[in-house]
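*Asks:* Before I ask anything, here is the structure I am working with.
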Amino acid sequence: MDPKDFLIRIDEWDQKIILKYNGLGGKSLTNILKFTSFFGRETLWIFLIAFYLFIWYDPFLLSYFSATFLIGLILILAIKQIVKRSRPYQRLNNIDILEHKPTSRSFPSWHSYNIFSQGLLIGAFFLNSPLVTIALLIFGILVSFSRIQLGVHYPSDVIFGFIFGVIGFITAIYFIGPLIFEIFAYFEKILNYEIQYRQLNSWLYKNIWYFFLCLSLFFIIFLLAIHKTIIEKIKKINQIN
């Protein structure tokens, strides 16, 4: 089959599937899937990275969470800019956009990459548990489906998000994760104070400036998670007025 014809068929299939499942289940299911979709957001993983760096220092978890996230940041954003695929609601008139409108390109899904790569990292690598891994992969499928139901991604976007998530996971555990871990180990050796491993950082209650630094950092992460929702609410209020 000619590659161009193959891509056309994939696009036709994408449109057929998203038109079928967009808005499925009505408002109740949509609200559930909006919540589910949050677990693919980058801000959740930024929160975990900051937590294991500033609050509960764990160089092992920190290194591999960071590696998996950074691989996705570089890989997914680069592919989005190369492919430049428009979102479904930008191409199809009869798509209901059921969450805030994303500003980035559609292919591949950043949410799917995050949930599958980090899910594999937690279940297969950190916990080495087939049961947890399977549960997280099933949850990843639900998160990916939410992106289709909400009208922000085509099926092929989330499928390739999964594929790149597996690639990101493998690259993180064998290459980038160990490298970042060694970098942290190097800086630990040259720092002139006792490192507190896997416990609440005592600076939080001994140093007021460190406490407010962490408070400010996590507040900024929280704002990043909800800022688009806030902007949309403000726009709706302005339209009413």
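Cβ coordinates are placed from backbone N, Cα and C, and glycine is handled just like the others.
TrEMBL entries are annotated by machine, without manual review.
Taken from TrEMBL, the feature transmembrane segment applies to 38-57, 63-83, 120-146, 158-187, 208-226. Under the heading domain 'Phosphatidic acid phosphatase type 2/haloperoxidase', TrEMBL lists 60-173.
Neighbours and distances for these, please.
*Replies:* Secondary structure counts, DSSP: the domain 'Phosphatidic acid phosphatase type 2/haloperoxidase' (60-173) has 84 helix, 0 strand, 30 coil.
Within its own chain, the transmembrane segment (120-146) has Cβ neighbours under 8 Å at 21, 33-34, 36-37, 39-40, 61, 64-65, 68, 109, 111-112, 153, 158-159, 161-162, 165-166, 169, 172-173, counting only residues six or more beyond its boundaries.
Counting same-chain residues at least six beyond the ends of the transmembrane segment (208-226), those with a Cβ under 8 angstroms from any Cβ of the stretch are 38, 41, 43-44, 46-47, 50, 54-55, 201.
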*Asks:* Where else in the chain does the transmembrane segment (38-57) make close Cβ contacts, counting only residues six or more beyond its ends and a cut-off under 8 Å?
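*Replies:* Contacts of the transmembrane segment (38-57) (Cβ under 8 Å, skipping residues fewer than 6 from its ends): 65-66, 68-69, 73, 109-112, 114-115, 118, 139, 143-144, 147, 195-201, 204, 213-214, 217-218, 221-222, 224-225.
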*Asks:* In the same chain, who gets a Cβ under 8 Å from the transmembrane segment (63-83) while lying at least 6 residues past its ends?
*Replies:* 42, 45-46, 48-49, 52, 104-108, 110, 113-114, 117-118, 121, 125-126, 161, 164-165, 167-169, 171-173, 176-181, 184
